[in-house]
Amino acid sequence: MEIAFLTLLVLSLLLSPSGICKSLAAGPPVVNIGSILQFNSTTGGVAEVAIRSALEDINSDPTVLNGTTLKVKIKDTNCFDGFLGMVQGLQFMETDVIAIVGPQCSTISHIISYVANELRVPLMSFASDATLSTIQFPFFVRTGSSDLYQMAAVAALVDYNHWKIVTAIYIDNDYGRNGIIALDDALTAKRCKISYKVSFPSNAKRSELINLLVSVSYMESRVIILHTGAEHGLKFFSMANQLNMMGNSYVWIATDWLSAYLDANSSVPADIISGMQGVLTLRPHIPNSKMKSNLISKWSSQSHKYNHSDLRVNTYGFYVYDSVWALARALDAFFGDGGRISFSNDSKLHDEAGETLHLEAMSIFDMGNKLLENIRKVNFTGASGQVQFDASGDLIHPAYDIINIIRNGMRTVGFWSNYSGLLSTISPEALYSKPPNTSLANQHLYDVIWPGETAQRPRGWVFPSNAKELKIGVPNRFSFKEFVTEDNGTGSIKGYCIDVFTQALSLLPYPVSYKFIPFGSGTENPNYDKLIHMVESNEFDAAIGDIAITMSRTVTIDFTQPFIETGLVILAPVKKHIKTSWAFLQPFTLEMWCVTGLFFLIVGVVVWVLEHRINEDFRGPPSQQIITIFWFSFSTLFFSHRENTMSTLGRGVLLIWLFVVLIIVSSYTASLTSILTVQQLDTSIKGINDLKNSDDPVGFQVGSFAQDYMVNELNISRSRLRALGSPQEYADALQLGPKKGGVMAIVDERPYVELFLSTYCKIAVAGSDFTSRGWGFAFPRDSPLQVDLSTAILSLSENGELQRIHSKWLNTGECTTDNSEFVDSNQLRLESFLGLFLICGVACVLALLLYFGIMLCKYLRHEPRKSLRRFISFVHGKEPPKNMERRSMSLPGSSTPTTPMGSLSSLDMERPARPVRNGSVIDMES
């Protein structure tokens, strides 16, 4: 009956939130948190003192919460009466709290976790039940140790001592049962097993417990694992002593309940301690730190202050203290990110007539997801050590102390750390700085005093005497079924989009129950705007498929991160031949032709300047020299120039220019060949402007947003648009053309076009994408799944999984590469040759500068009269032969040196020959 009632309560909470919002301003002066504890238990008393101590420290710290006071509402519950504790917990959820610290027991934690998920209230619990995980309960935050690791430590201890079978005694509730399940799994991994399991109810009588121990004594195994609470555990040890089950050959291993009890109680009766001699127990490892020491030092005054003077701090006290601090730090970041405290009532949560559960009083914390995210991100050093959560939601670096009860106290004989998975005498924090060593040969513990006060290890055996299911709308496509469609044979939904969705779901830290519901008849593509409207109106909880993210759609719903990039493109028919007599001009753009011709002239002029003074091929009348410049420059195009270059500078410039010409001619030849042999698009369609300026029909895919885009954004008349439903209709309409009842072009999204072109080779893309969009999954506004799935899709993109799925479903064929070229894709542009022209231009400039520098030096050295006109004439003049220059340096019979022939100006050389003083004549012929 309790289970049935519990199920009804949980199902009543799984309702969509609506109602009136009760809001507080962001960063209010007071924020309330809750706590569910059992006051009359050791752990409950320690937790209460720890909570109030933490609140005092937080509220007195000006660096935290910026003046906001944190207050706590604590509810006393009964852990051993599951039904009563459940009702008390549900009643407490009527209060508007932003988070709850606790509960301490697993049974109530399970119940409250369901409620916390629906109300979006983070549950900062230190319950150790391993089944309380973030996978099942996203709002469950474990701030203490987990039985999953504790049982791994117990299994390591069993395996270290070479025991193969054990007996398990446990309390019959969630904490006990789930703990033993975890132990069974851990022992199986070590090739050990539980040979005998025995449970007892929380209200078991003493006689029943004795009978239980008697049955255990008849079993083969002498290694007994006791997983219960302090109240029953201490009774077991007392009765085991009476039954002589605490002597030689027995091994007792108690889970952390025993160390928590002994640490917290300042005065344990001597008879209790004496009845536990040789027992092994575990304690969650708490490293030494300043915060730990500070809390221990002030604990005595705090425990007196809150009426728990007989209790000392234990590991749960450290965990609870840090839980409140973690919540405070998360709230600080929450307010800093613009978070606000607001609650919404759900009108559907109400009691039936005559019932008094006050379900309508429960409120949803509107920004609970954001606070939960900040809690998951906390990272600080607290009293319990490093407070940081791993991917599974547990505290990082779980570790345990192995404790041996001897005489009047406890002795640590070693440690277990999940970092290495081994037992060791080295503290866990000393191992974190080293690579993990998993060799069993490195396991070691200090000597243990076993029951019966013996150091000899016992042999260990003797000869025996539910979440809400999401309704997800999926388009049932008629064409391009590779993306998403319903299998008519099996009724299952499959396709590229479905694989992306399921892979993204697998990365979420919690399970999502869902059901695909096909949208559309399957005989034609559905209307995607109607599908989006059904998500907006909550007929569907989400829409999965090839859904384009458009501005109009993002106004009403939220999309995930795009999982594929798309954009509208134009499909146009191709033809095999070009019907123009000027095809030979197409390889170069107009700019390329102009710059190339200009450089032919520049190089011709530069070579003439460098050569005409010493090279007869570049001299003569002005008209002849101009013809020579043109002839020489353009003849280099065919490497057929007949003029020889004599100067070093001229040869260098010509060498560089011939290299440039070689590259240009080769590129031109290749481009012209491609243009004349490869199929090209119809030149009547260059891009979107041709569609806008034409009156011919344009096709689009049925159900696509392209229709509204062309009408509203491109101002194309709706009467021109033709709806096409399949790839074959695409091909037929384009082949017919606008004059025969077809279309001039088709506008569709890039993924469909690529898939279409892989089959139909006589069609190609004209121009480039004229929109930039993507496909995403649609969710209602503020859906937490939208954010989590976006993160998961990014992860799929980074690890290459998206590309693998794309290759699986959307493999394109041979036609895609050939038909995707544009009309002008083979034209050679100036940008591709700027480097060559730059090199040639720099070479010409440097050659001219060097040439004029040399000429200037000669002119200044040999010409007595200096002027610009004489310098120009000097440069223009012909260079005399070397022997004449040397001979004219000094004339015979004269004591006065004469001017060298090479230094005579052209003006002097053009004058008639005249005699000099000694009667000799100098030849001035130019």
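The backbone N, Cα and C atoms fix where each Cβ goes, glycine too.
Taken from TrEMBL, the feature signal peptide applies to 1-21.
Mean pLDDT, taken over the domain 'Ionotropic glutamate receptor C-terminal' (471-812), works out to 84 on the 0 to 100 scale. Summarising the annotation, TrEMBL assigns domain 'Ionotropic glutamate receptor C-terminal' to 471-812.
Residues or ranges marked as transmembrane segment by TrEMBL: 590-610 (among others).
The transmembrane segment annotation in TrEMBL covers 622-640 (among others). Listed by sequence, the residues of this chain that lie at least six past the ends of the transmembrane segment (622-640) yet keep a Cβ under 8 A from its Cβ atoms are 600-601, 603-605, 607-608, 612, 654, 657-658, 661, 665.
Through the fold, the transmembrane segment (652-670) approaches residues 587-588, 596, 599, 603, 606-607, 610, 636-637, 639, 645, 828, 832-833, 836-837, 839-840, 843-844, 847 of its own chain, all at least 6 residues removed from its boundaries and within a Cβ separation under 8 Å. Sequence annotations record features per position, and here TrEMBL assigns transmembrane segment to 652-670 (among others).
All chains included, 15 other C-beta atoms sit within 10 angstroms of the C-beta of Cys761 (disulfide bond). Annotation comment: TrEMBL describes Cys761-Cys815 as disulfide bond.
As annotated by TrEMBL, transmembrane segment applies to 833-860 (among others).
If you look up TrEMBL, you'll see 882-926 marked as region 'Disordered'.
Here TrEMBL flags 891-906 as compositional bias 'Polar residues'.
Non-local neighbours of the transmembrane segment (833-860) in the same chain are 592, 595, 599, 602-603, 606, 609-610, 647, 649-650, 652-653, 656-657, 659-660, 663-664, 667, 866, 870-871, 874-875, 902-903; each lies 6+ residues outside the stretch with a CB under 8 Å from one of its CB atoms.
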